[in-house]
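K.L.:
I'd like to ask some things about the structure below.
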Amino acid sequence: MSFRDALNLPSSEITDESVYRDRRRLLQLLALTPALGVAGCAEADPPPPPKTVVTPAQARSGFRTAEELTRLEDVTSYNNFYEFGTDKTDPSKAAKTLKLSPWTVKVGGECEKPGSLSLDELLKGIASEERIYRLRCVEGWSMVIPWTGVPLGEVLKRFAPTSKAKYVAFTTLADPQQMPGVRYRSINWPYREGLRIDEAMHPLTLLATGLYGKPLPQQNGAPLRLVVPWKYGFKSIKSIVEIRFVEKMPETAWHDLQPSEYGFFSNVNPAVDHPRWSQKTERRIAGTASKLFAERIATKPFNGYADQVASLYAGMDLKKWF
């Protein structure tokens, strides 16, 4: 079965309006300031991950939530996907230019079975699952989304990662012909993200191919994106074209851009504020005829998935390794 076939809200109304403007202003400033950027990556290595075992029951308990789903029209029209523009409504308008077939994902690095595969080859034989996850943006808003996809760990095992594979690095397509935002130096393209290997193998980590029972729309990261529900949304990289097993912590786009504001781990943590706004609360996207946001709610550690993932970070200083 092929994984491909395949809306307009008020723009730039995030958390407090100033938060949204601050994040855009940072991108504009850095685009004009070549001296800023890669500095800050030369940090001490984090402590090694503890030996943890996640039971099937623990994992399953995080696969669904009874919270009210965010409306499909909001999920598909209120997006961060800077390859298509920095306004929230830009991706739903501009991403229609993204060609989804053919789509190839290159897998390599510290593994015994590297290769370049079509999407169907990559996912062949792995049962698709529905997961209803909370999504928490670093900007202070959140959604509840029914995703369809496969466990990332099941895909990665096929490539037989070696003992040197301590991290997994991901890369988004960067094609200025299809992605107008790539023509501007708002980010050091291509967009890159990474996970520690145990995070990537965790049962909650999903390679998503759809939402609301349909293939992913282009603006939501089609045809293949990551969903890591206990981390801020920018870790859930979209439109993936490359996966690499690496020994050292990989460079990631937002950390590369501003390391003091966007850590590599970026676990949702209400006890660690962003330097320019609080992370203690969030505003759930709950669009109605009269308003886009519902009332503020308290943000939970690890976005409410602490029972499933907190053990991955036992002994780590989460304020240092934010």
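Cβ from N, Cα, C; glycine included.
Pulled the feature table from Swiss-Prot, pasting it below:
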- Asn79, Tyr82, Glu83, Cys137, Thr172, Asn220, Arg225, Ser236, Ile237, Lys238: Mo-molybdopterin binding site (BINDING)
- 1-59: signal peptide (SIGNAL)
K.L.:
Where does Glu83 (Mo-molybdopterin binding site) sit in the DSSP three-state scheme?
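P.N.:
Helix, per DSSP.
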K.L.:
Helix, strand or coil at Ile237 (Mo-molybdopterin binding site), per DSSP?
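P.N.:
DSSP call for Ile237 (Mo-molybdopterin binding site): coil, neither helix nor strand.
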K.L.:
Reduce the DSSP letter at Arg225 (Mo-molybdopterin binding site) to three states and note it down.
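P.N.:
DSSP call for Arg225 (Mo-molybdopterin binding site): strand.
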K.L.:
Over the residue list Asn79, Tyr82, Glu83, Cys137, Thr172, Asn220, Arg225, Ser236, Ile237, Lys238, recorded for Mo-molybdopterin, what is the maximum interresidue Cα distance in Å?
P.N.:
19
